[in-house]
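Comments concern the structure below.
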Amino acid sequence: MARLTDILQWCDQTLKTSEFRDYAPNGLQIEGSQEVNKILCAVTASQEAIDAAIAQKADLLLVHHGYFWKGEPYPITGMRGKRIKTLIQNNISLVAFHLPLDSHPTLGNNAAISDLLGLEHLEALDPSERHPVGNIGYLPEALSPEAFRNYLAERLNTQVLHLPAEKLSVQKIGFCTGAAQDFITKAAVQGCDAYISGEVSERTYYEAQELDVHYYACGHHATERYGVQRLGQALAEQFALEYHYHELNNPV
């Protein structure tokens, strides 16, 4: 058993949350039980994730995508109201970490992608960032664009959309999980052969061609399901807690 305040303090210190300007609050969003025995992790605080936390008798729901995003309406009604009401009624705390969990060098989504793909010699996609949310890495050997697409699909266990460029091989890879398709311009500036993110826009098709950077859309959910698992496992080890990851099977 651990105190909620101790868990939050450890997360804030480990993820350096105060050093990020984000689109939503990082840390505790809905307060529930002050004592935590079991954590359930999921990418997004959907109703399915909340119901899974209840079924698992979790005291804390840990997610990457929580609530109260910049620009959202203030009234807590409808779908969001139901979610929050369910959490409160079941005394479950909601804890969310967004950019800090993308950026962390060992627990983060980008770190996990790098490890899964075996990328080497990591550097920042944007050298001006204090805590880079995107990175560049190198494949041990160059691959054809088609072979790299198949490698991505296998390693990330996801459907991959490839928007081709003219380069005949790829080795220097830029990547940023989630909805960071517009960072393809940063990848081009840094001389990347290819760029990976989760989502894709109509304009990305032309940008890949004109910037000569192969673009691979691997799914927002699929690229961001690793950070919460790594953080959940770290918390379980740090505080001797029970931990469970719930896969939401979101194809987007």
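Glycine too: its Cβ is placed from the backbone N, Cα and C atoms.
Summary of the site annotation: TrEMBL records divalent metal cation 1 binding at HIS65, HIS220, GLU224. Screening the candidates ASP51, ASP102, ASP193, ASP212 against this entry identifies ASP102 as the one listed for that site.
Those same-chain residues not listed among HIS65, ASP102, HIS220, GLU224 yet with C-beta within 8 angstroms of the centroid of the divalent metal cation 1 site C-beta atoms are VAL43, HIS64, HIS98, ASN109, THR177, GLY178, ALA179, GLY198, HIS221, THR223, GLY227. You'll find the Cα of HIS64 (divalent metal cation 2 binding site) roughly 8 Å from the Cα of GLU224 (divalent metal cation 1 binding site). Its Cβ taken as reference, HIS220 (divalent metal cation 1 binding site) is surrounded by 23 other Cβ atoms within 10 Å in the chains shown.
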